[in-house]
């Protein structure tokens, strides 16, 4: 069976045929590392990690590259506000990024290049664009001449005249056309900068990815992916830069994931409704957040709320219960083979359905439905006192196979959570017995474990401390 991918470039699903049989070159735009990542950043990390895992499951050798933007206006602003230098802030939040996405079940990319480590390549790329007549220098700044590239607008499906409407040249900008964009920005106000043929400065945002893709993956790649908000102008500008330089198609397939809304409102700083992964994973099982993200097709928007996350947790726990019950039944399993063929065929049918759904533009929402159908069949099998070791192992094996691709685990977490819950119950018992000394002692013990308690009318809640 073939994999079909919805290609933003053509606005249709296409059969996935990599440039080189059996191998996939994939690039995902990474974060600007000036703060902890929010759930809007987490969605592409989870989505494209799952795409990568499914491609590998399907037998492809995937070379997966995702960058860090470690110099940018936002980073410079954060450095000024905190009184620290840009590299220190970037290092801190790159480490925080790895911790957060690791908790969410994401593998590291094969390579995580940083902008600041590739400055020579970026400068050389810009020089070539100038030589070819696609860019021009203006008093230390360098701009890309958008009208020089005939295909501009093909990714976002807009004509250059449509884009021209509403475009403005800001005060102080030296570009010739309102649609032109910066490849190199002259240094100002003693901000971090690098030497270049045009004087001290730093690169524009769009050129960074073009240069790093070319350096680490080549002129043309199989899959370029990122959030829907990057389609224009970022990815459109990447195409203009890269195809002008090489004369070749930049990427064969373009994938974009949908937005996340918070309580039915668009997530934005002005609304103050950013939700940091750093905070969620202190209170929630990270697997539940990943499960939540994959419960909706990646191209569709997601509405996030704590109520929805709690509902997702309940559904996730039902799967965990079925999986745990299979393991318990395995302990008393037998070698009876009656009806094995029928039940093994049912398991294989679910495997085939999982593959079919994932082959259809990585439909994780329907793939998760397969898990619930598998759980339903497993529950029926056990409720009717079937005990075949072969069948039980087949159910367990397919649960593990699917969840390893989707990137979460149904294994019971026996460590911190259970210990904390047991201590809270002991403390509640002490309080009921008015043994406040023991109650305080248990609270102090939990505090030493970095666990913060909150006593409410509905009971005691806990979370991990800062």
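Glycine too: its Cβ is placed from the backbone N, Cα and C atoms.
From a predicted model like this one, the values you see are computed outputs, not experimental measurements.
A helical conformation is recorded for residue 234 (Zn(2+) binding site) in the three-state DSSP classification. Sequence-distant neighbours of residue 234 (Zn(2+) binding site) (same chain, 6+ residues apart, CB-CB distance under 8 A): 29, 205, 206, 209, 226. Per Swiss-Prot, the feature Zn(2+) binding site maps to 29, 209, 234, 238; the stated evidence is sequence analysis.
Panel annotation: around the motif ''HIGH' region' (31-41), residues 68-70, 72, 74-75, 77-78, 89-90, 93-94, 96-97, 100-101, 227, 259-260, 267, 274-278, 280, 289, 304 of the same chain, lying at least six beyond its termini, place a Cβ under 8 Å from a Cβ of the stretch. Per Swiss-Prot, motif ''HIGH' region' is recorded for 31-41.
For 266-270, the entry in Swiss-Prot reads motif ''KMSKS' region'.
Residues or ranges marked as ATP binding site in Swiss-Prot: 269.
Summarising the annotation, Swiss-Prot assigns phosphoserine to 270.
Around the Cβ of residue 238 (Zn(2+) binding site), 26 further Cβ atoms fall within 10 Å across all displayed protein chains. The local packing around residue 29 (Zn(2+) binding site), expressed as other Cβ atoms within 10 Å of its Cβ over all shown chains, amounts to 22. Over all protein chains present, the Cβ of residue 209 (Zn(2+) binding site) has 27 other Cβ atoms lying within 10 Å.
Mean pLDDT for the motif ''KMSKS' region' (266-270) in this predicted model: 74.
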